[in-house]
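Below is one structure, written out as structure tokens, with a few remarks after it.
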Ligand SMILES: [K+]
Ligand SMILES: [K+]
């Protein structure tokens, strides 16, 4: 049996109904089922210290499955160990599950993994066999478990001496899974603020979520090719953009928070400040942990974070947002146009106009979702505009950082944020495909002139 | 002698230096000279009641030349009649001058005006003769003066009975010129708030700035073709989008302000509320007058206005922003991609991929300018984030609405806003061309694959 990827698109192209499995709809349904199941489990008496409402259980389940980390109920104190394990399971299924789906889609659309041991035999465009899908999924799961195992070992080194064996190991497991999946769920209400000056824990956590946020394709190619010159253009661009964004973000936090007595100003010495700036600079692109008080950040830092949260990480990974590739293509297309060159190029390779249009569509839908979300919350919630905008963009990038609005959303506001988290995790294009009316004919029309700008 | 339009681009394409006049640079230089001249005139003793500082004079001149209307010194009470006439002259030169330049560029790039009496003989792409430029400029000036004359007559009908002959006529002249050029300068500190329930004045003013914001090309074609079916695709799209945005904006103001006691709630009766909602709904797309207290608007209305101010009006007009055409093309390109069709079409006509890329570049540079502006002001000015964002987007769209931040900018903040007004009025692409390194070779590279979204 064959799995037909992007059948929704091919349906439109050929004007005939798709046969077999329709992955985008399958994905949406799987997420809804997982959320419903998770909410039921979290509603059971043994999952909570004090009973939670259905709304609280559904919000928690959505936040976990979409690996966001926004919470209306404190994870560490309000959920029992069993409740926390349910949350961990939802995070792993949501984070790893979507990454697997996205990698399979990329393979089916013809993206070559560039591995010596090629996973995918030459198959038809837009489909891969179930056997190939199974092998690829196994390899992705192995990658995730290996990364998480290393993370658990590293974190246990630091947590066990402090918290004892059982509690230390449990913290290591919880934070390793939460970090690799870019979930941002924490066992304390103030996230990792206790460890703001602990290089071992903060660097382990950032390492884990950066690896998860680069995703399977990038990491596998890195392990396989080892030398810069042999990497594919895509992987080079993702690595350079990630490095650039992380350095700029760290610099911005240092610059805008250095004298803020509620954040970096409270820390002694340059190295402690640098460590905290690094952690809080790299965490907005989907991870969502914090070691500084987000509500106390300056407006300038918050504005910088709005952009970082909107961009997110690499495609086919545990991160969300419009994705680094979309952001980079928009900039490169602008540069190309200004140079009078209609080909968008990176490292002497050009992109297809379909890829450029895909980036344009992703960015446009992403902005539309954020705009509608901010407008709705502005009408529904009495709160500061910055805090509202921050909450919505955080939900869209499934980041989980908050300036304090999460607790004041009310039922309607919570439903808005749940919808934005789901759209953000499934991706702007999945929403787009769902809303588009199918079109059967493909007539070519004469060109018209159109002044712009 | 020939005027070579967009020589900057052709320079890049052919790799040889441009001959003759380079219009984008000419435009920037003309604006800078006008601003400097205006600042000197406004600094003269006879122009002001109390002397203004150089910074205040420069800010006023920039705001007038870019037809923005943000003010650090109250126009009606701080400038003398002569000072106000200087401001009016700067508005007319900046508004009409740029519209003329933009229409000439469109003609030189091959846009057909669609007039029976075609202004432009068949000339080479990217150039028009000085004779043609002179004839077209004359026609555009005639259009502007005719519209303003009608505006003055209409407004005098309402102002003269109230203010007496001299003052009434002066108000009519001032507001007609300010409205047609979408300048938003007013003779009272609270703009047109006194006339919130005056249908004659508010409808005349909105009529004038909508005509100015549609611009010469659209209005001439409307007068020439008269029937919908004979209009060009471009003009149809601009008219429909303008209508749609104005209706949505009016509805949004009604919805979000209906119960606000500081705005619509203070007005008696539905028709007064509707009139005020219409005025305040259509004014954010560049005009910038207000009859309601902008600082008292709800957050939801303000968010809606952020979008409207960013979009602006039609190209080749007295309005700014990324332009309606850019906005519409971004949405249409997204729809096309989702339908699996790579051609972007309107009314059975397709756009060139160059036009789509131009819209992408315009929107991207516009967002970058707004982002950098908001980030800078956030670091420089102690004010509410909403008010800061509103101020920057208002400057970018040369709108002139303010939630009160203009008075608190300080010198550095004023310089940021002056730069944003200038970039907004000259257009994002003009900034882009200025910053781009020229490129001489046009090699075609092999395609590469690139996961997105
Ligand atoms: K997260
Ligand atoms: K204006």
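These residue numbers are counts, starting from 1, taken along the chain as shown.
For all residues, glycine too, the Cβ spot is worked out from N, Cα and C.
Note: TrEMBL annotation is automatic and uncurated.
When TrEMBL is compared with the stretches B:359-381, B:382-404, the one noted as transmembrane segment is B:359-381. Segment annotation: TrEMBL labels transmembrane segment over residues B:294-314 (candidates B:273-293, B:294-314). Looking at the stretches B:118-135, B:172-189, the one that TrEMBL records under the feature transmembrane segment is B:172-189.
Residues 52, 54, 57-58, 60-62, 64-66, 79-80, 82-83, 86-87, 90, 93-94, 97-98, 101, 422, 425-426, 430, 434 of the same chain, all 6+ positions outside the transmembrane segment (B:26-46), place their C-beta atoms under 8 angstroms from a C-beta of that stretch. Per-stretch counts of Cβ pairs under 8 Å to the transmembrane segment (B:415-435) identify B:52-73 as the leading one among B:52-73, B:231-256, B:294-314. Taking every listed stretch (B:52-73, B:172-189, B:231-256, B:359-381) in turn, the largest tally of C-beta pairs under 8 A with the transmembrane segment (B:294-314) is reached by B:231-256. Between the transmembrane segment (B:52-73) and the listed ranges B:172-189, B:231-256, B:359-381, the one holding the most Cβ pairs under 8 Å is B:172-189.
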